[in-house]
Amino acid sequence: MFEPIKGFGVSLANMFKPHVTEKYPEKMRPTAPRYHGRHILNRHPDGLEKCVGCELCAWACPADAIYVEGADNTDEERYSPGERYAGTYQINYLRCIFCGLCIEACPTRSLTMSNEYELANDSRQDLIFTKEQLLAPLLPGMEQPPHPLRLGDDEQDYYVGAMQNPGASAGAEYSPQQESARETAAKQGNGGAA
Amino acid sequence: MTVTQQKDGEIVETVTLTIDGIETTVPKGTLVIRAAEALGIAIPRFCDHPLLDPAGACRQCLVEVEGQRKPMTSCTTTCTDGMVVKTQLTSPVARKAQEGIMEFLLINHPLDCPICDKGGECPLQNQAMSNGRSDSRFVEEKRKYPTPLAISTQVLLDRERCVLCQRCTRFSEEIAGDPFIDLMERGAAEQIGVFSDTPYLEGDHAATNTSGDPFNSYYSGNTIQICPVGALTGSDYRFHSRPFDLVSTPSINEHDAGGDAIRVDHRRGSVMRRLSGEDSAVNEEWISDKTRFAFRYANGSDRLVYPRVRDEDGTLRETSWSEALLVAAEGLAAARDNGGVGVLTGGRVTVEDAYAYAKFARVALATNDVDFRVRPHSAEETAFLADYAAGVSPNNGGVTYTDVEQAPAVLLVGLEAEEEAPSLFLRLRKGNRKHGLRLFSVQPFASPGVTKANGTLLPVVPGGEAELLTALAGDAIGPSAEAEQARSAVRTDGAIILVGERLAAVPGGLSAAALLADTTGARLAWVPRRAGDRGAVDAGCLPTLLPGARPVSDLSGRVELASYWGVDSLPSAPGRDTAEMLVAAATGQLAGLVVGGVDPGDLPDPAAAEQAMEAVGFLVSLELRDGWVPQHANVVLPVAPVVEKAGSFLNWEGRLRIFDTVLSTGAMTDARVLNSIADEMGIALGTGDPRRIRAELAGLPAHEVRPTPPSYPAAELPKPDAGQAVLASWHHLLDLGSLQDNAEFLAGTARPAVVRLSAATAAEIGAQDGAQVTVSTERGAITLPLRISAMPDRVVWLPTNSAGSTVRRTLGTDAGAVVSIRTDGGARQAGDGAGHGTGDGAGHSTADGAGHGARHAQSTEEDQ
Ligand code: SF4
Ligand code: SF4
Ligand code: SF4
Ligand code: FES
């Protein structure tokens, strides 16, 4: 007849042990610093896109998660410093295995990964992220493309410049602005899209 | 030097040499690089191309040859007896030399592979990996040029990437004969450029390059394909895709009767680009720009997707296939029993579709009223095709591309090869360059296609072809020195006469050509302009010809075919040709028409054709895109474009060119649609599957009876008065043809539309070179700038279907007719005139009064 009370005893004892349950989603816990989360398409310091639509990330991807279509920049409508930019850029998060091979392939360091992991959804459509969703938000000093070259006369100035000043990118690992940008993004109530 | 017997019985001198320790025997004159290839040894190369003359421009193919002080370029060195060659595989000297050259080539190369179209399929990228140094020692500034430079509207040049291999310039000089691109400057500034009025081309763009003839080549797209780096790229494809995105399918050109092998690259359900395939017997590795760049015609918003039927109240509404097929079947059955139904297939059908139309007409509609010709034609042509085209193929002695190339002399009649059969033109030109082929062309003036093949013009007034050919066939000394040369040339062994479809419009022309061939022993071949024409002849889309080249009039042939098809009998009365069918439809003798891909504007009198189709009781249209016929049809049945179906074309040689589906969309072929209509009519046509049709065609019992060659008299030549002229006309390769729709960059290299007159005729009407000349009939008028050409007097030439010059539609007539010509004398104003034909003759512009200018602008607008 002490059996039921014994059961309470187990509960009672556990109440005073340290517990492992996360208070998610009320409280987000930081991941390991190099956690492979959602991708970011970074910008040059003036807001132009770093991505040149080369598709090397798509080529490298073992899961065929990336779809890119290049397009022509014109002097009137410029998205990236050179002749070519990504007219269409999509990552399908139902396919992505977060291996990071795309990041290694990217020749312009446009594509990096954030620590963002909230990627559950109930529709296929919403899990195919478009370029607008993937692009890093505009930081102070950045201007929404299309706009003319602001940091030099040609793309070379951008690339040479990038060696000294890699630019800041919201969500990019180890960027000084990472924290503030995350806050901004949180305030906007979505995963960092501009 | 050894002499060995080769397989084909010819005695060939050979030499024996050693490459990388392997002894090999090759024909004398073989290049070391080819001999190595034959052994499976790949020597890196850029400038070497088997179809271009050796240049030794890039130096990448260096190999060590024993006894030579320095490494030698294997692409220019011929094999000699006892030669000992060591390639990079066995010789450190060769390897080091190749690495050194690669380092040199990369010094000024921007290494922008990520944004370069060639990345992923680039010989420079690949060979830099396989035969280059692993790192670069070059730290200085690279040479920079503004990019891209427009070679034409379709071809862009990034000079920084160029390795100066000169493949492109050699192509333009040796193959196309259009000097549209060449080496310029010297030393480190040496670069590829285009000729233009501006001496230096910095920052120059397309607008200035399309202004005149010289930079417009119909073959410029080939340079994109052979450029071994990404220096030449296509405007249309630029940045749109990567080699690894593309699914490549071999296919066949549907734009002309050449039967060129092509490769279609598609990505996610849409075609991104087309390349030349390789077929040494047909197009070698070259295709025309039309074949390469015109492939979006089915992508417009006018593509028909759903069947349509016309309601009682006269409106067309979209409906289901089952309803449309039922309406079509019932309507056709009723029309068949109430006067009969005619079938017009159009010239773009595949062999399978043509066969289905032919069988449908005979079996389901019980008629021989079927014709594929939507262009000027004649009963003489019908007879000629039955005798000289039907059933002819390379397997039974038909003329082939190779025969043409090797012929000592070729006579063209009613055929402007460059405009109407572009790959044939390249062979003619190659024959002239390599084998001394002598080209003679019977036409009013020496077009670029004749000049570039070093051809001799036999000038005629349109309609005078028959007389000239008869004269060549006779014993009398020819009417002129050129004709005399031609008279003896066609009598040489292996001479070939090629007649085009336009000769059908000349009374007695085809008969005279047949006579000339018979008397001289020259071989005769018919070269139509459209891809489907030749196949339609063999498939029996002619009123007097059943499938398999059997004449309708031949009882045994009919019985044979009827039993093969499992039907009781076949209609025995010869049918009506296109023109007769249209007359019959207009007068109510025909109760219905089945119309395939027909644009009334291609017929000699479009207005009359439209009236006939409006008058006919029941019109069924099998169409790809919306247009005049579908809008006036009782039932519209959408069919598949060439990319979305499997099938085959017969090219002008009679060679069967089979292609497979590129994009699987579920769109139905004409043959399958006809099969379904027949099903609804309770008749089993058996044309649902192209493979089955091909098997059925191949299984047709052989038939030997040949109809007699035609012998029609020549007509009296018209005698135009002053202010009149005989009209000459043919199509430009790039014009308003509907298959070139949605190819914006292609249109930029179309030749400008001009009126051509002889100097004397121009003087007679008081027009100077460049003046606006109006050519008119009582139907309408065409006004274009004048180009004075060496041609017979009182002959006027117009492009048949170019911007500002839709001859049949506007003038309601065709070549051979007498038209009025006049001018207001003024030279044209710069900038006057519309379409891509502008710029021609702009240099002659004088200030000639604003009134004139305004009037020109107005009339040009009306004419379009
Ligand atoms: S992380 Fe891996 S799987 Fe995901 S997109 Fe990049 S390469 Fe593809
Ligand atoms: S993200 Fe990087 S690798 Fe991918 S297309 Fe853009 S530039 Fe190329
Ligand atoms: S443009 Fe291309 S084909 Fe022409 S010379 Fe340069 S590398 Fe050779
Ligand atoms: S391939 Fe021999 S020199 Fe270019």
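From the backbone N, Cα and C atoms, a Cβ is placed for every residue, glycine too.
Copied over from TrEMBL:
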BINDING   A:Cys51, A:Cys54, A:Cys57, A:Cys106  [4Fe-4S] cluster 1 binding site
BINDING   A:Cys61, A:Cys96, A:Cys99, A:Cys102  [4Fe-4S] cluster 2 binding site
DOMAIN    A:41-71  domain '4Fe-4S ferredoxin-type'
DOMAIN    A:87-116  domain '4Fe-4S ferredoxin-type'
REGION    A:160-194  region 'Disordered'
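Sequence features annotated in TrEMBL and their locations in the structure.
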residue  : record                          : Cβ within 10 Å
A:Cys51  : [4Fe-4S] cluster 1 binding site : 26
A:Cys54  : [4Fe-4S] cluster 1 binding site : 25
A:Cys57  : [4Fe-4S] cluster 1 binding site : 25
A:Cys61  : [4Fe-4S] cluster 2 binding site : 21
A:Cys96  : [4Fe-4S] cluster 2 binding site : 20
A:Cys99  : [4Fe-4S] cluster 2 binding site : 14
A:Cys102 : [4Fe-4S] cluster 2 binding site : 24
A:Cys106 : [4Fe-4S] cluster 1 binding site : 22
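In sequence order there is nothing to list: of A:Cys51, A:Cys57, A:Cys96, A:Cys99, A:Cys102, none of the binding-site residues comes within a CB distance under 8 A of chain B. The closest partner of A:Cys57 ([4Fe-4S] cluster 1 binding site) among the binding-site residues, by CA position, is A:Cys102; the full candidate set was A:Cys96, A:Cys99, A:Cys102. Counted with DSSP, the domain '4Fe-4S ferredoxin-type' (A:87-116) comes out as 5 helix, 9 strand, 16 coil. DSSP states for the domain '4Fe-4S ferredoxin-type' (A:41-71), grouped as helix (H, G, I), strand (E, B) and coil, give 5 helix, 9 strand, 17 coil. Spatially, by CA atoms, the binding-site residues A:Cys61, A:Cys96, A:Cys99 include one closest to A:Cys51 ([4Fe-4S] cluster 1 binding site), and that is A:Cys61.
Those residues of the chain, other than A:Cys61, A:Cys96, A:Cys99, A:Cys102, with a C-beta within 8 angstroms of the mean position of the [4Fe-4S] cluster 2 site C-beta atoms are A:Cys57, A:Ala60, A:Pro62, A:Ala63, A:Ala65, A:Ile66, A:Ile91, A:Ile97, A:Phe98, A:Gly100, A:Leu101.
Cα to Cα, A:Cys54 ([4Fe-4S] cluster 1 binding site) and A:Cys96 ([4Fe-4S] cluster 2 binding site) are separated by 19 Å.
Mean model confidence of the domain '4Fe-4S ferredoxin-type' (A:87-116) amounts to 95 (pLDDT, 0 to 100 scale). Nearest in space to A:Cys106 ([4Fe-4S] cluster 1 binding site), taking C-alpha to C-alpha distance over the binding-site residues A:Cys61, A:Cys96, A:Cys99, is A:Cys61.
Checked against ligand 2, the binding-site residues A:Cys51, A:Cys54, A:Cys57, A:Cys96, A:Cys106 give A:Cys51, A:Cys54, A:Cys57, A:Cys106 as the ones with a Cβ under 6 Å from it, listed in sequence order. Close contacts with ligand 1, defined as a Cβ under 6 Å from any of its atoms, occur at none of the binding-site residues A:Cys51, A:Cys54, A:Cys106.
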